[in-house]
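K.L.:
Take this structure, written in structure tokens, and hold onto it; I'll ask about it next.
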């Protein structure tokens, strides 16, 4: 890894002068090389005399800091459980690792105790500024502390992730007391984690400030565009991060989550009463701004008045006093009134708590996406958890429902595959209700007309094969392959995702209309042949075959009318099942041992049979066809408009703003 160094700092480190400034600089880079969990791996090169060191670790931030220390001459060469070897400006030195307190979300820092070659024992600590300044000895160098705070604010405003580094030398008494307490905590059977945290907090105090670091956490490719697409689709995007508030706001602007037109509501409180007052003020502000900017209305020229957009920014300290208290309800009201919610300096359990607020108070689906171990609680709390596999490790991936390589892949997952899945599932649920109900209703009319006798209208074999051969395959093929819109269209117009949010494809109204259509079709299927053959000498088995063929043809034509994308598999399944039904009915009636032997052959040779079959199909399907034509011509949905645009308008050549889609203006 190539690291750009500061020549002046390099000269200071390599100078032979024994100054206080040089001593502090050396201690700073020594802490970067020692206070971590990085494992150095020696890598062979084409030149056998030259070796490279590759640093492996759970956190890319730690890797960056160790590489930076190596660039300035403090090279971590070897790490074992008991010692580390660091090449300090060409001089290899061995440090004994006497203790390690790993990072946790409560302390927000980590520390290591090392025995140095000069027989001293030193404690190196690094962590978030919010936790580190509380354990820094401010009496040592107040000017340096103020300067560091200024630099940290500057780094955060630039969107850098900051850490503060400190150290202190331990006396033999202090080290002995720590060692005894650490061994007791480490061997405890109950509450081991809490005891270890207490031991760490005990020793991590009165530190000397060494400096601070700022690490650029570059956005992945396509993140701003992905967030904008999700917002256009009507999906609210909340950011829950452990970074400083300034860093989080800077990242919010860089990924286009925040904009200069937004009104920001910032809550940074240090007590419960202060949180209560801040939330009450925020609710009042939301109501005031809502009154000032009423619902957007069309001004007659195709554009709309824009309401004032709100962004809620709240820190983890405030959430300590809000979550799992009566203030949660007020936070929920403020958060749902805002377009963007940005939570900074939040612990993993607080992330899960934020998700739970929405999950427990609304019927909305929650999706959490993260890439680190601190996102696991949030991912598991949400209805859908997505883990990003990357440099932060695989904990998030292992705890998630779906895994992906980059954040931008969330857009096709939701807007394309999510839309397709909703369209298929919604239609298939309605269709399966329909195809089974129309068959059952037909049998029900027969039972009524025969005064609940023990006779059957259709042979037992046809009753069994109806759901196995006659109508099963088209349902599977269409349910898997059908697509109402192309991938390109769905990505170009994210607003089309709103059809699922509005439940356009499956709702109570559609269900009732489908059941009414089902009753009409079953009446047509049963009574037209029944009334035509009522005074004839045709037996029940013959008319039963006509009912079987009619119901199978109608449910398959019904499905064919709603297919969006025809493929050879769709054609083969729908028309093939109709042909298979005819063949099966003929075979069943040709078996002498079964009831209704030769029945189909008695009626197929007459013109009345084919005339009745045609009349049944037309009578049953005309109302549905008429309703479909009227709806799509006079009341087209966004999906229908987009489909016509695909077919006749040309998606690639059309400007998005020129498409008068009916419900886009209300999304």
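Heads up, the Cβ atoms here are built off N, Cα and C, so glycines get one too.
In TrEMBL, annotation is done automatically, which means it is predicted and not curated.
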K.L.:
From 544-561, 634-651, which range did TrEMBL mark with transmembrane segment?
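P.N.:
Of 544-561, 634-651, TrEMBL gives transmembrane segment for 544-561.
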K.L.:
Which listed range (396-416, 464-481, 597-622) shows the maximal number of Cβ pairs under 8 Å with respect to the transmembrane segment (510-532)?
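P.N.:
Stretch with the highest Cβ contact count: 597-622.
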K.L.:
What same-chain residues, at least 6 away in sequence, bring their CB to under 8 Å of the CB of residue 375 (ATP binding site)?
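P.N.:
Same-chain residues close to residue 375 (ATP binding site) (Cβ under 8 Å, separated by 6 or more) are 348, 351, 368, 369, 387, 396.
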K.L.:
Just to be sure I understand the packing, how many Cβ atoms besides its own are within 10 Å of the Cβ of residue 351 (ATP binding site)?
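P.N.:
For residue 351 (ATP binding site), the 10 Å Cβ neighbour count is 28.
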K.L.:
Counting Cβ pairs under 8 Å to the transmembrane segment (568-591), which of 396-416, 437-458, 464-481, 544-561, 597-622 comes out on top?
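P.N.:
Selected stretch: 464-481, with the most Cβ pairs under 8 Å.
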K.L.:
With every protein chain in view, how many other Cβ atoms are within 10 Å of the Cβ of residue 243 (ATP binding site)?
P.N.:
21
K.L.:
Output, ordered by sequence, the same-chain residues six or more apart from residue 241 (ATP binding site) with a CB under 8 Å from its CB, or 'none'.
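P.N.:
In sequence order, the residues whose Cβ lies under 8 Å from that of residue 241 (ATP binding site) (at least 6 apart) are 247, 248, 251, 342, 343, 344, 345, 346.
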K.L.:
Over the residue list 62, 103, 126, 161, 241, 242, 243, 345, 351, 374, 375, recorded for ATP, what is the maximum interresidue Cα distance in Å?
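P.N.:
That value is 23 Å for the farthest Cα pair.
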K.L.:
How big is the gap, in Å, between the Cα of residue 126 (ATP binding site) and that of residue 371 (Mg(2+) binding site), rounded to a whole number?
P.N.:
22
